[in-house]
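Per TrEMBL, the features are as follows:
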BINDING   Asn107, His112, Glu117  oxalate binding site
BINDING   His110, His112, Glu117  Mn(2+) binding site
DISULFID  Cys31-Cys48  disulfide bond
DOMAIN    63-135  domain 'Cupin type-1'
SIGNAL    1-21  signal peptide
Amino acid sequence: MAVGFHITAAILMLAFAIVHASDPSPLQDFCVAIADADASVFVNGKICKDPKLVKPEDFFFPGLNNPRSTSNPLGSNVTLLNVDQILGLNTLGISLARLDFAPYGLNPPHTHPRATEILVVLEGTLLVGFVTSNPP
């Protein structure tokens, strides 16, 4: 009888246990990536620079404001930026790209599963569409 009571009580406790699931809190606000493994702390696949040594240049990419050549079969040029180009993006979950289009240029259809894309048109008109993973 006592064994049955304990088993029933254990099952009820498991059934009504409060479950908290979320992404872990970041260990720090930012983790500027560096290549020197001896001088820093390893976080999220890259080595972190000492926060006291972080500079504004770690969050900057020169030349992103300059148009790129679009003389190719697609009539477009994509400049991709991630933590390899802007070291300050490490652990922030951010990448960015500059897209330059010739008239009637094309960015081939693509998807970004579980990611966000924001487009800002500075000149002209751009036609875009959405591909959803939800069934109709």
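Glycine is treated like the rest: Cβ placed from N, Cα and C.
Where the annotation comes from TrEMBL, it is an automatic prediction and has not been curated.
Because the structure is a prediction, the values reported are computed rather than measured.
Of the recorded residues, Asn107 (oxalate binding site) and Cys31 (disulfide bond) place their C-alpha atoms 32 Å from one another. A distance of 23 Å separates the Cα atom of Cys31 (disulfide bond) from that of Glu117 (oxalate binding site).
Cα separation, His110 (Mn(2+) binding site) to Glu117 (oxalate binding site), rounded: 11 Å.
Secondary structure at Cys48 (disulfide bond), taken from DSSP and collapsed to helix, strand or coil, is strand. Ranking the disulfide-bonded residues Cys31, Cys48 by how many other Cβ atoms lie within 10 angstroms of each Cβ puts Cys48 at the bottom. Surrounding the centroid of the Cβ atoms of His110, His112, Glu117, where the record places Mn(2+), the chain contributes additional residues within 8 Å, namely Thr111, Ala115. Here Glu117 (oxalate binding site) comes close to no residue that lies at least six apart in sequence on the same chain with a C-beta under 8 angstroms from its C-beta.
Around His112 (oxalate binding site), a 10 Å sphere centred on its CB holds 9 further CB atoms from the protein chains shown. Taking the Cα atom of each, Cys48 (disulfide bond) and His112 (oxalate binding site) are about 27 angstrom apart.
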